[in-house]
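Sequence annotations record features per position, and here Swiss-Prot assigns S-adenosyl-L-methionine binding site to Gly71, Phe76, Ala122, Glu123, Arg135 based on sequence analysis.
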Amino acid sequence: MEIILKYFPDLTEEQRKQFAALYDLYIDWNAKINVISRKDIENLYEHHVLHSLGIAKVIQFRPGTKVMDLGTGGGFPGIPLAILFPETKFHLVDSIGKKVRVATEVANAIGLKNVTFRHARAEEEKQLFDFVVSRAVMPLADLIKIIKKNISPKQQNAMPNGLICLKGGELEHETMPFKHKTVIHSLSENFEEEFFETKKVVYSQI
């Protein structure tokens, strides 16, 4: 939890409590339904929560913004972002029902009011959103093809509507077809831990 406060020191008391509660909740649920590698659960705050919050180093969502988290798994990046941006509406979607159940139970336990959930494949989701966020679910080209239909034409943030992905490693080849509308941000510029040396936030305007 200290690592979250290190980089986000201005959290409200409620946000601090919500972030602090995540550890025991994920330990408990992960023992029943595996949503995080058992070897990695001890690194929950660095590898999952802070990594999710890396998106906030690229954009500050305005109140009323609608965001879909595609392939949310156990709730990443959607749940940490929903805590950080309580006036933004998050819709968490995953094709695996038991993972959606974990994310739903965790969100309910910490009292999140700005999240909805859906057990469905991405192709089935028809709602419009300002942004789609995702964490290394599939190659960028496949992701853009699927979510183009979900991006609202109305812009209400400083950044044009589009896709924001958390990815790692070498991305030049993957982003090449979209290079004129894509920005790659290295999280090593924001977070000093070794884990973030190869981690990126990829924004594609759609």
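A Cβ is built for glycine as well, from the same backbone N, Cα and C atoms used for every other residue.
Overlay of Swiss-Prot feature records on the structure.
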residue : record                               : DSSP class
Gly71   : S-adenosyl-L-methionine binding site : coil
Phe76   : S-adenosyl-L-methionine binding site : coil
Ala122  : S-adenosyl-L-methionine binding site : helix
Arg135  : S-adenosyl-L-methionine binding site : strand
Phe76 (S-adenosyl-L-methionine binding site) CB neighbourhood, other CB atoms within 10 A: 26
Cβ atoms near Glu123 (S-adenosyl-L-methionine binding site) (within 10 Å, other residues, all chains): 11
Cβ neighbours of Gly71 (S-adenosyl-L-methionine binding site) where a neighbour is any other Cβ within 10 Å: 20
Diameter of the S-adenosyl-L-methionine binding set by C-alpha atoms, the set being Gly71, Phe76, Ala122, Glu123, Arg135, in angstrom: 19
Intrachain C-beta neighbours of Arg135 (S-adenosyl-L-methionine binding site), sequence separation six or more, cut-off 8 angstroms: His51, Ser52, Gly71, Gly73, Phe76, Pro77, Cys165, Leu166
Local Cβ density at Ala122 (S-adenosyl-L-methionine binding site) - other Cβ atoms counted within 10 Å: 22
